[in-house]
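These features come from Swiss-Prot:
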BINDING   HIS101, HIS115, HIS208, HIS220  heme binding site
BINDING   HIS337, PRO338, PHE339, THR340, LEU341, THR342, SER343  FAD binding site
DOMAIN    54-282  domain 'Ferric oxidoreductase'
DOMAIN    283-390  domain 'FAD-binding FR-type'
CARBOHYD  ASN161  N-linked glycosylation site
CARBOHYD  ASN241  N-linked glycosylation site
MOD_RES   THR429  phosphothreonine
REGION    396-535  region 'Interaction with NOXO1'
TOPO_DOM  1-8  topological domain 'Cytoplasmic'
TOPO_DOM  32-44  topological domain 'Extracellular'
TOPO_DOM  70-102  topological domain 'Cytoplasmic'
TOPO_DOM  124-167  topological domain 'Extracellular'
TOPO_DOM  189-206  topological domain 'Cytoplasmic'
TOPO_DOM  228-395  topological domain 'Extracellular'
TOPO_DOM  417-563  topological domain 'Cytoplasmic'
TRANSMEM  9-31  transmembrane segment
TRANSMEM  45-69  transmembrane segment
TRANSMEM  103-123  transmembrane segment
TRANSMEM  168-188  transmembrane segment
TRANSMEM  207-227  transmembrane segment
TRANSMEM  396-416  transmembrane segment
Amino acid sequence: MGNWLVNHWLSVLFLVSWLGLNIFLFVYVFLNYEKSDKYYYTREILGTALALARASALCLNFNSMVILIPVCRNLLSFLRGTCSFCNHTLRKPLDHNLTFHKLVAYMICIFTAIHIIAHLFNFERYSRSQQAMDGSLASVLSSLFHPEKEDSWLNPIQSPNVTVMYAAFTSIAGLTGVVATVALVLMVTSAMEFIRRNYFELFWYTHHLFIIYIICLGIHGLGGIVRGQTEESMSESHPRNCSYSFHEWDKYERSCRSPHFVGQPPESWKWILAPIAFYIFERILRFYRSRQKVVITKVVMHPCKVLELQMRKRGFTMGIGQYIFVNCPSISFLEWHPFTLTSAPEEEFFSIHIRAAGDWTENLIRTFEQQHSPMPRIEVDGPFGTVSEDVFQYEVAVLVGAGIGVTPFASFLKSIWYKFQRAHNKLKTQKIYFYWICRETGAFAWFNNLLNSLEQEMDELGKPDFLNYRLFLTGWDSNIAGHAALNFDRATDVLTGLKQKTSFGRPMWDNEFSRIATAHPKSVVGVFLCGPPTLAKSLRKCCRRYSSLDPRKVQFYFNKETF
């Protein structure tokens, strides 16, 4: 735990600050509405539910302002580039942007639930006080009406015949609240891991309901349902002095005047205006870049239905491990899908590898398999930075890819090859451990040439130990295993043709980390993963377990690719 805090102290500080701000805003507004004389009469009808509704509303505004920032990809790429020479701990929060985005969304859900429940109680109490015939203060307040000031009422339910449901669904606040809540529920449920992985199109389209959510939030307070006593009225008849003699209001010259009330002006738009403006600028920038012409220079179909596209685009510059968003208008005009760049910055083109994993990718692969002329138009937005850009910042790098998750490391390994070709000897990275876990033997095919070239290059430069790679096959059968066993004495692997033999099963991570820690007792080791959450959990545990509490000894820093 201590080592984890050392590695993530800035992320923890940021998270604690955000939680602290939520708690402060909630408590501050709650106490204000619970104690303020301005809402003395409002509390007579609504009780504590008033303060709960208003406190949760402010926290909703705050988090609705914050939630757009983590998905402004250009801003994050700019900050990552600005912090490229900073300590990796300072860049760590940028790598958790989507995690923070989800946490803010969960917080919005919590405060939405509090806000809805509180206002359901409020409408019920408004209705009861309007129907009450007992002459209580609440019933008197509900019947107040000033002809000279038609909007100086306290109870939004003006008639005892109006039901709670009718009042809730016909008011601006009630109607916009229902629409915003439905949009929020659809966005949150469609963002679940299972749906996002298997039905990305559903997630993509549904998530754009945030536009409706933001619009409803902006106009939610226009009705001014929550009302407080006016300053002028309080100066004439202070509630703490006059509430006990409410039966005598306006009867005598010296008696208290009946109070006047005013609704609160809408405030939500003030919170969301700046991030909305920033997000609109972000979208305009994305649109401008996506409209620039992309030339497809080469199309390669690899085994296991993996499509490689090599492209060029004017003014396109990339770094290792970055990703782009791709759109094919002939398939879907609105859908944009993220793909990691597999080319190196030193190459004259940029490339991506696409595996069939859903309707959109299957349609794209099918389109290119048909080899129509001319080729379908491709639009590209990016590139955007990720945690994989930091690979060269570590003395020792451990790269772990699962299936198509190897793509970020293809860019890195290609760049290494080019750097050694050009006698680039200023690399901070002195050792690379590369692990690739695949279900099918065909998946290794498109990566073999690169690994083979790296093997030869390292041998020629006298650095055969610079790259240590292990390939693991998890989808093998008895025929494959028997064939490999019969040819075990061959100089090259029977499945891949590489010097390193393919292993069957999954890596024993404790053994691997123990070996690396022993080989590099005083090094800073960066562990990079592009793979499933279960594998991330195992690697994260190993990083904590094998990192020394002594900062002068081996330290493992876990980094997971997310986009």
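Placed from the backbone N, Cα and C atoms, the Cβ positions cover glycine too.
Sequence features annotated in Swiss-Prot and their locations in the structure.
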{"residue": "HIS115", "record": "heme binding site", "Cβ within 10 Å": "21"}
{"residue": "ASN161", "record": "N-linked glycosylation site", "Cβ within 10 Å": "9"}
{"residue": "HIS208", "record": "heme binding site", "Cβ within 10 Å": "11"}
{"residue": "HIS220", "record": "heme binding site", "Cβ within 10 Å": "24"}
{"residue": "PRO338", "record": "FAD binding site", "Cβ within 10 Å": "17"}
{"residue": "PHE339", "record": "FAD binding site", "Cβ within 10 Å": "21"}
{"residue": "THR340", "record": "FAD binding site", "Cβ within 10 Å": "24"}
{"residue": "LEU341", "record": "FAD binding site", "Cβ within 10 Å": "27"}
{"residue": "THR342", "record": "FAD binding site", "Cβ within 10 Å": "26"}
{"residue": "THR429", "record": "phosphothreonine", "Cβ within 10 Å": "17"}
Measuring Cα to Cα, how many Å separate ASN241 (N-linked glycosylation site) from HIS220 (heme binding site)? 34
Around the Cβ of HIS337 (FAD binding site), other Cβ atoms found within 10 Å total 20
Rounded to a whole angstrom, what is the C-alpha distance between HIS115 (heme binding site) and the residue listed as 'phosphothreonine'? 52
Sparsest Cβ environment (other Cβ within 10 Å) among recorded positions ASN241, SER343 belongs to ASN241
Including all protein chains displayed, how many Cβ atoms other than that of HIS101 (heme binding site) lie within 10 Å of its Cβ? 16
Pairwise Cα distance for SER343 (FAD binding site)/the residue listed as 'phosphothreonine' [Å, integer]: 20
Per DSSP, ASN241 (N-linked glycosylation site) is which: helix, strand or coil? helix
Minimum Cα separation from PRO338 (FAD binding site), reported as the residue among recorded positions HIS101, ASN161, HIS220, THR429 that achieves it: HIS101
Other same-chain positions with a Cβ less than 8 Å from the topological domain 'Extracellular' (32-44) and lying at least 6 residues past its termini are 50-51, 54-55, 137-138, 141, 154, 226-229, 234, 238-240, 243, 259, 261
For LEU341 (FAD binding site) and HIS101 (heme binding site), determine the Cα separation and express it in whole Å. 24
